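Novice: The structure's right below; bear with me while I get my questions together.
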Amino acid sequence: MESYLNQNFDVKAKHSSEEALEKWRNLCGVVKNPKRRFRFTANLSKRYEAAAMRRTNQEKLRIAVLVSKAAFQFISGVAPSDYTVPEEVKAAGFNICADELGSIVESHDVKKLKFHGGVDGLATKLKASPTEGLSTDAAHLSQRQDLFGINKFAESELKSFWVFVWEALQDMTLMILGVCAFVSLIVGIATEGWPKGSHDGLGIVASILLVVFVTATSDYRQSLQFRDLDKEKKKITVQVTRNGFRQKLSIYELLPGDVVHLGIGDQVPADGLFLSGFSVVIDESSLTGESEPVMVNAQNPFLLSGTKVQDGSCKMMVTTVGMRTQWGKLMATLTEGGDDETPLQVKLNGVATIIGKIGLFFAVVTFAVLVQGMFMRKVSMGTHWIWSGDEALELLEYFAIAVTIVVVAVPEGLPLAVTLSLAFAMKKMMNDKALVRHLAACETMGSATTICSDKTGTLTTNHMTVVKSCICMSVQDVANKGSSLQSEIPESAVKLLIQSIFNNTGGEVVVNKHGKTEILGSPTETAILELGLSLGGKFQEERKSYKVVKVEPFNSTKKRMGVVIELPEGGSLRAHTKGASEIVLAACDKVVNSSGEVVPLDEESINFLNATINEFANEALRTLCLAYMDLENGFSPDEAIPASGFTCVGIVGIKDPVRPGVKESVELCRRAGITVRMVTGDNINTAKAIARECGILTDDGIAIEGPVFREKSQEEMLELIPKIQVMARSSPMDKHTLVKQLRTTFDEVVAVTGDGTNDAPALHEADIGLAMGIAGTEVAKESADVIILDDNFSTIVTVAKWGRSVYINIQKFVQFQLTVNVVALIVNFSSACLTGSAPLTAVQLLWVNMIMDTLGALALATEPPNNELMKRLPVGRRGNFITNAMWRNILGQSVYQFIVIWFLQAKGKSVFGLDGPDSTLMLNTLIFNCFVFCQVFNEISSREMEEIDVFKGILDNYVFVVVISATVFSQIIIIEFLGTFASTTPLTLVQWIFSIIIGFLGMPIAAGLKTIPV
C-alpha cells in the first residue's frame, strides 16, 4: 500500500506542481461526497485565473511604462478640460475622485500626474499634508473612507451552518439510503399500516439526519477556526504619520492621503506615490510575475499595492486602496484559490480510495449473496413468481445493508481527520505564540531533524544596550558610566560620534502624541541611538543641520550601512559608515586617537582594536565599528559610497542577553533527535560565546565563518556539514547553501528561522520556514510557513512538539478507523455468505460509522501534546505513515473482534439460552452491543500505539472523555429505548455486563499486541 501511495498520492509539503495536485484528484475513484472530501484542497481553477491576472497586469504595466515615457514629450499639451471633479467629491471639500487617483498610479500616467500638479498638487486636492499626514479627526476620516473606500479585499462570505448541512447531505450513499427509506416507508405503510410499517424507514431517516447534523457541526466549527486563523495571518501594521506623529497602524485602516514609511522588506500596503527616500528598489513579481526590480524615485514615483521593497527606504502618499487596486482584485481571486492540500491529506485520500474500492466490491458481493439466498429459498418453495410486500421490504433491507457497507467501508473521514487535527493544532499553537500560515507546516514540523536558528532575537532577547565602547582608542564601560562618558571623550570626537550616530541610522527619535521621546527602529539602531542621546545629542537638530546626499541601507551581504551628508561649513561632503567591526575596520586606514586627532592606523593600533573586538565578542557582545571619511574629490549620488579610506571613530559592544529557557529548549531538542545549528551574521567569537551559553556548541562541534564555508568543495562539505553547529558572518546565500545541502545531500527535514528580506531564499528552500513576528520583515513573513509571534526559540520547540502531536494523533485515528472498517466489512460479508442474513442493520451501521468517523476523529485527532513526544526520534523524510506497529494493532484487534462476533453468531443462542420468536433479534442486538463496546475500548487503546499505559493524561483531554461518555450514553438509549427504529431489543443486566467485558478484553489484548516486536 505504502509504495502505491508514494507513487500516486505523493505531493510535496511546499511548492507542489499543479500537475501533481491534479493527478491525485483524478485517481480518487470512490468519493461519496466530493463537496466534503475536497473542501480543504486548493481550487486549481481559481489559481489559473490568478496566474492569468498576473500576466494581464504585467502587460498593462509594460504598456503603461512605454506610454508614460512617450508622454514626457507631450506633457505641455495637456488641456485643463481633461478632468471634471464630481459634485459629491466637491461637496466633501476634495478636488479629485477615487477613480481618477486610481488611473494615475495604475496606468503610471505621467500626463495626468503633471496636470494635477504633481505629488504636491494631488496632496492639496486630497486635503493631505506630505509632512504632517492626515488629521486624526474621526468625522474627517469617516468622510474620506466613504468617498475613497477602505483598504480591504473582497472575501468570500462565511458559510452558514445550513450550507454545511446541505453539503453533508450531498453524500451519494446517504442519498441512496434516503431513497431506500422513502420506498420502505411507502411499502411498509401499504402492507402493515401506520405506524408499525413506518419504523424501518423512519429509523434510517433519523440515522441519516443524525449523521448529517453531527458532520455539519464538526465541519462548521472547523471553518470558524480557519476563519479566525486567516484574520490573524492578515494582521499587518505599518508606520504612518498622522497629525505630525509617527505611529503604527493596521494596513486596513489606511486611507488616500496617508503618509506611510517604508523600509527594506516591507510590502507596499496600497497604491501610492513616492514622496522622499533613497535607493528605493521595488520587486513587483508578486503582482506581475516580472522578476526584474524597478527603481522608484521622483521621476518614476508610482508604487503599487502588494509589491515589496527590495532595497532603500522612502515615504509614500497613499492614493488608492482596497478593491480599486490591482492587488486587491488579485488577492480576492487568490483567496478563493485556497491552501495547497497537505501530504497527509493526499495520502489518506489514497487510503480512502483503496479501501473504498475494496468496500464497494464487498458490498456488491454481499448484496448478490443475500438476494441469491432469498431467491433460492423462494424457488425451493415454488413462490418465485409471487412477491409479497414483506419480501419487497426484505429485498430493500438487503440493498440498504449493501449501501451501508459502502458508507462504513469508504473511510471518507480519513482526510478530513487531518484537517480537523490541523485546525485544532493551529488554534492551540496560536495561543502558544505560533501563527501557522500553511497547513502542511504543522505536519512537516513533526518530522523535523534539524533547526537552523538565527541568534539575534531568537536565542537572545533582542533588548539591546551599549555596555562597552572603545572610542578614541580608549576602552570604557558604558553601562556603569552613563552620561559621564561624554566628559571622558574629546569634544571633537563627541561631535563626530553624534553626527555619525544620528545621520547614519535606519531608526528615528520622535516625540509621540503624549509628549514623550520615543526611539523607533531595530533593537541595534535603538541601542546606538540611546548612546547618542546619552552623549548629549539632539536628534532633530542634528538631522536638520545636514543635508543627506545618499543613503545605503544595511543589508546582510555587505554587513554595513552608509550615508553621505553635506556639511554646513563650506558645503563639503562627508561619508559615515557603520557595521560588522572587522569588515569596517578593514576599510579604515586612519583612527581618531585619545586627543581627538586623526592619525594613521599603524599595526600596533590595528592589533589593539582587533584584540578589543575579540575581547568584547568573547563576552558575548555584538560589536559594531563606526567610521567616517571626508570626500575631498567630490561625490555623485549615482556613485556607490567608497569601500575604503575611512577613519575609525570607535567600536561599541552591545549586550543582547540570552533568552531564559533557551538552554533547556536546546537540550530538549537534542533528546528529541533534533540538531540545533546557529546561523548568524555576527562575529565568530560572539557567536561561539552565545552558542556555548545556549548549549548549542559542544566539544565535538565546529564553528565556521561564512566566507570559509562557501569556499569548500562538495567533498569537503560532505565531511564538514554534519559537524557544523555554528556558522558566523554568514551571508543569506551561505544560509541557503547550508539548508539546501542538509535537505538534498543529507536527507534532513530542515526548519529555518529568518527575519530579514535576504532570508527569504533560505525560508523558501527549507521544509519549514519560521519567520520572526516582531523583528521579521513582511517579505520574510510572506516566505515563511510559520510566524513565531514572540521571536522566541522556545516557541519553535513548542511548534515541533505540536507537529509531532498532529502526526501521531492522525496515526492513532487511522489505526482506529481501519480496525472498524475491516471488522464491519468482514462481519457483514461473512454473515451474508454463510447465514444469508447480516447481523448489523443499516441504522446500526450508520451509528457505527458515526462513532468511527466524526466522533472518533474528534476524540483521537485532538489529543494535546505531552512531553513524552519529545523523547522519541523524529520520523524524518522517509518514514512510513502507516507503520508496522499500526498494522500489528489493526490486524490483532480485527481478529479478536471477528472471533468474538463469529462465536456469538454461531453459539450465542445456546450460550444465553435464547429461544422463541425474538431470539434472533435478541442475538443480533447483543452482537451489535458487543461490537460497539469493542470500538469504545479500542478507541481508548488507540490513545497509545506503543505504550501499554493508555490512561495516562486521559482526563487532560476533555473532548476525548466527552466523546466516549456520549457514545456509551447514546448506545444505552439506542438499545433500551429506540428498538423499533434501530432493530434492537432491551438486554438483560447479564447481557450488558457480558458486552462490556467483551469490549474491555480488547484492552489487555491490545496491550499484549504492543509487546510483539515489529
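Every residue gets a Cβ built from N, Cα and C, even glycine.
In TrEMBL, annotation is done automatically, which means it is predicted and not curated.
In case it's useful when we look at the structure, here is the feature table from TrEMBL:
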type	residues	note
DOMAIN	115-189	domain 'Cation-transporting P-type ATPase N-terminal'
TRANSMEM	172-190	transmembrane segment
TRANSMEM	202-220	transmembrane segment
TRANSMEM	354-375	transmembrane segment
TRANSMEM	395-425	transmembrane segment
TRANSMEM	885-904	transmembrane segment
TRANSMEM	919-937	transmembrane segment
TRANSMEM	958-983	transmembrane segment
TRANSMEM	989-1009	transmembrane segment
Novice: Using a Cβ cut-off under 8 Å, which residues of the same chain at least 6 positions beyond either end of the transmembrane segment (958-983) come close to it?
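Specialist: Contacts of the transmembrane segment (958-983) (Cβ under 8 Å, skipping residues fewer than 6 from its ends): 199-200, 202-203, 206-207, 841, 843-844, 847, 851, 855-856, 858-860, 862-863, 921, 924-925, 928-929, 932-933, 936, 939-940, 943.
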Novice: Using DSSP, how many residues in the domain 'Cation-transporting P-type ATPase N-terminal' (115-189) fall into helix, strand and coil?
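Specialist: Across the domain 'Cation-transporting P-type ATPase N-terminal' (115-189), DSSP assigns the residues as follows: 46 helix, 3 strand, 26 coil.
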Novice: Can you tell me which parts of the same chain pack against the transmembrane segment (989-1009), counting only residues 6+ beyond its ends and a CB-CB cutoff under 8 A?
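Specialist: Distant Cβ neighbours of the transmembrane segment (989-1009) are 888-889, 892-893, 896-897, 900, 912, 926, 929-930, 932-938, 940-941, 948, 950.
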Novice: If we skip the immediate neighbours and take only residues 6+ beyond the ends of the transmembrane segment (395-425), which ones have a Cβ under 8 Å from one of its Cβ atoms?
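Specialist: Long-range Cβ neighbours of the transmembrane segment (395-425): 30-33, 36-37, 39-40, 171, 173-174, 176-177, 180-181, 183-184, 187, 200, 204, 218-219, 222, 225-226, 342, 344-346, 348-349, 351-352, 355-356, 358-360, 362-364, 366-367, 370-371, 374, 436, 439, 442-443, 802, 805-806, 809-810, 813-814, 817-818, 820-821, 824-825, 828-829, 832, 838, 840-842, 845-846, 848-849, 852-854, 856-858, 860-862.
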Novice: If we skip the immediate neighbours and take only residues 6+ beyond the ends of the transmembrane segment (885-904), which ones have a Cβ under 8 Å from one of its Cβ atoms?
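Specialist: The answer is 811, 814-815, 818-819, 822-823, 826-827, 830, 839, 911, 923, 926-927, 930-931, 934, 938, 941-942, 945-946, 998, 1001-1002, 1005-1006, 1009-1010, 1012, 1014.
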